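Let me begin by presenting the structure, written as structure tokens, before commenting on it.
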Amino acid sequence: MTKYIDFFKKAFNGEEVDLTTANIRSAVLLLAIPMMLEMAMESVFALVDLYFVGHLKESGYAIQTVGLTESVLSVMYSIAIGMSMAATALVARRIGEKSPEKASRSAAQVILVSFVITFLLSLFGVLYAEEILVLMGAKQEAAMYGKDFTRIMMGSSVVIMLLFLINGIFRGAGNAAIAMKSLWLANVANIILCPILIRGLGPIPAMGLTGAAIATTIGRSLGVVYQLYHLLISDTQIRIKMNYFKPDFELIKSIVKIATPGIFQFVIASCSWIFLAQLVATTGGENASAGYQTALRLMMFFMLPAWGLSNAASTLVGQNMGANEMLRAEQSVMKTVKYNVVFMVVVSLIFFLLGDFLIGFFTQEIEIINFAKNALHIMSIGFIFYGIGMVMVNAFNGAGDTWTPTWINLFGFWIFQIPFAYFLSKYLEMGPTGVFISIPAAETLITICAFILFRRGKWKTIKV
């Protein structure tokens, strides 16, 4: 028992380990434990934030504003995720080559490019917050109510970008504990500040929805300050000097080459989920839509830790390829698959046995509960394949082969899932159930394609 506690402490504290020579099982778990805890905290925060906003006096306007703003911010998220993929791939490869200075230079260039892009987009959001809400479908009254929230969230999108991006840098370097702690700091601060700034406390006035935006910005800013300390001052493998920010156009070209398809991966999947949500609403009505969104929220609560575990494959592939240990890179992926499958089997059992109980936290409406339960039971059939597919996608991305999962997503989501969902729900008149069936069907197809392409091994030839 003491041995396991010591191992957990080692993973939590982020002790530096050579991931190209350590026992593969230990290497996977040393990365996976902090990555899963990082994503688990993100899951908790998403639910807590929704709770506070949902209990505002004008909750209808508030929830609509948050939803519309998040839709606009998804552009920022997609860029951040794409850039984070590039950062992880480049840093992991250089660390595997035992070139920490080159890894640090790569990290600095990714930050430079991301900062410039996000600054321009955030400036636009600050200047035209109200117009953006109206363009997204909000009525003038709702836009007036929510413009300050949108302005603050858009204005602080540079912070969102840095939080995602720098965590990708630390994950690539194998120090997932710093990434975990920065997100924990950001989210704990957010959870503490949210009720204080929304409702007021003592001399602090109640700011309503604007308070939620300020709390989020302060929390994430604290996380970024913690990251920058370790990036610029602390004695870690990645240590950035100010002259590393001088533009290196060859390196910037490599960054854009890796990041662009990474951005498309997120956009393709997001557009598919939006279409499915609309299809559920049009074929099943408001209760079906509410049930589907409830099921998705529960699913994501458990899926984010699984995604964190699968991130271990990205780092291990990148570092082992840098060390020219191709067999070890492949073995690391298969070991990560094994652990993720076990985790997803447990999640499936939880949903089958405790689905009703979990759904009850969100709603007491019988019809909504029935739709949510149906969605959960059907979607959980594919959880094992989700677990495998996540790892495969992260393995490709860690190798710098971001185009392969992009093409797989395009085929699986747009060419197969959307038409299949439409066919089942409309032509076969299965309604929302047809949409629910299309989700595990598409994920299974995506996983099979990804597994076949991974075994073919073209990713081993990618240079970054």
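Keep in mind that glycine also has a Cβ here, set from the backbone N, Cα and C atoms.
Unlike curated records, TrEMBL annotations are generated automatically.
These features come from TrEMBL:
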type	residues	note
TRANSMEM	28-52	transmembrane segment
TRANSMEM	72-95	transmembrane segment
TRANSMEM	107-129	transmembrane segment
TRANSMEM	149-170	transmembrane segment
TRANSMEM	182-202	transmembrane segment
TRANSMEM	208-233	transmembrane segment
TRANSMEM	254-276	transmembrane segment
TRANSMEM	296-318	transmembrane segment
TRANSMEM	339-363	transmembrane segment
TRANSMEM	375-396	transmembrane segment
TRANSMEM	408-428	transmembrane segment
TRANSMEM	434-454	transmembrane segment
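The transmembrane segment (208-233) is not in contact with the transmembrane segment (408-428), judged by fewer than 3 CB-CB distances under 8 Å for residue pairs 6 or more apart in sequence. Within the chain, the transmembrane segment (72-95) has long-range Cβ neighbours (under 8 A, six or more residues past its boundaries) at 102-103, 106-107, 110, 113-114, 117-118, 121-122, 125, 132, 136, 150, 153-154, 157, 160-161, 164-165, 167-169, 171-174, 237-238, 254-256, 258-267, 270, 314-315, 317-319, 321-322, 397-400, 402, 464. By the Cβ criterion (under 8 Å, sequence separation of 6 or more), the transmembrane segment (254-276) is in contact with the transmembrane segment (408-428), since 3+ such pairs are found.
Highest Cβ pair count under 8 Å relative to the transmembrane segment (296-318), across stretches 339-363, 375-396, 434-454: 375-396. Within the same chain, residues 28-29, 32, 290, 294-295, 297-298, 302-303, 305-306, 309-310, 369, 372-373, 376-377, 380-381, 383-384, 386-388, 390-391 sit at least 6 positions outside the transmembrane segment (339-363) and bring their C-beta atoms closer than 8 Å to a C-beta of that stretch.
Contact between the transmembrane segment (182-202) and the transmembrane segment (149-170) is supported: at least 3 Cβ pairs lie under 8 Å, counting only residues 6 or more apart in sequence. When Cβ-Cβ distances below 8 Å are used as the criterion, the transmembrane segment (375-396) is approached by residues 265, 291-292, 295-296, 298-299, 303, 306-307, 310-314, 317, 333, 336-337, 340-341, 343-345, 347-348, 351-352, 355, 359, 402, 404-405, 408, 432-433, 436-437, 439-441, 443-444, 446-447, 450-451, 453-454, 459 of the same chain, each at least six residues removed from its ends.
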